[in-house]
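Per Swiss-Prot, the features are:
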SIGNAL    1-24  signal peptide
DISULFID  Cys47-Cys87  disulfide bond
CARBOHYD  Asn61  N-linked glycosylation site
CARBOHYD  Asn90  N-linked glycosylation site
CARBOHYD  Asn117  N-linked glycosylation site
Amino acid sequence: MGLSPHLAVTLFCFLICTGNGIHGCNDSPLREIINTLNQVTEKGTPCTEMFVPDVLTATRNTTENELICRASRVLRKFYFPRDVPPCLKNKSGVLGELRKLCRGVSGLNSLRSCTVNESTLTTLKDFLESLKSILRGKYLQSCTSMS
């Protein structure tokens, strides 16, 4: 006793219709990180003019995973209480969002370690905008590869 052709086609259609290609892009972690970045950059975050390592400038041999690893290393500066800059000490809401961002970006990272060159610096504002741009590109790429 096998499947009738009609039943096999119906089951196949159900299988296809539940895929992401039909329902649109659903990369929750990336979408949540981008939303958090939007909130942090829209709020007029304190310390936006402070300097952080410019780790998001890709060289020819830099992979996307390496950029994300470096970004997570920079964001760790806001995670541990001993490293928090004075301008964020009393801004628990913004600090919470930056910590959430650190956890999210670290979760995207598949590399165990990466080097951060601290010889070139950028403002926190420019760093967050660059990170947002990279992650939006990654999000769009993940959406188009599903369809």
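Glycine too: its Cβ is placed from the backbone N, Cα and C atoms.
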Original post:
List, in sequence order, the same-chain residues at least six positions removed whose CB sits under 8 Å from that of Cys47 (disulfide bond)?
Top reply: Pro85, Cys87, Leu88, Leu124
Original post:
Of all the recorded positions here, Asn61, Cys87, Asn90, Asn117, which one's CB has the most other CB atoms within 10 A?
Top reply: Cys87
**OP:** Work out how many Å separate Asn117 (N-linked glycosylation site) and Asn61 (N-linked glycosylation site) at their Cα atoms, rounded off.
**Re:** 15
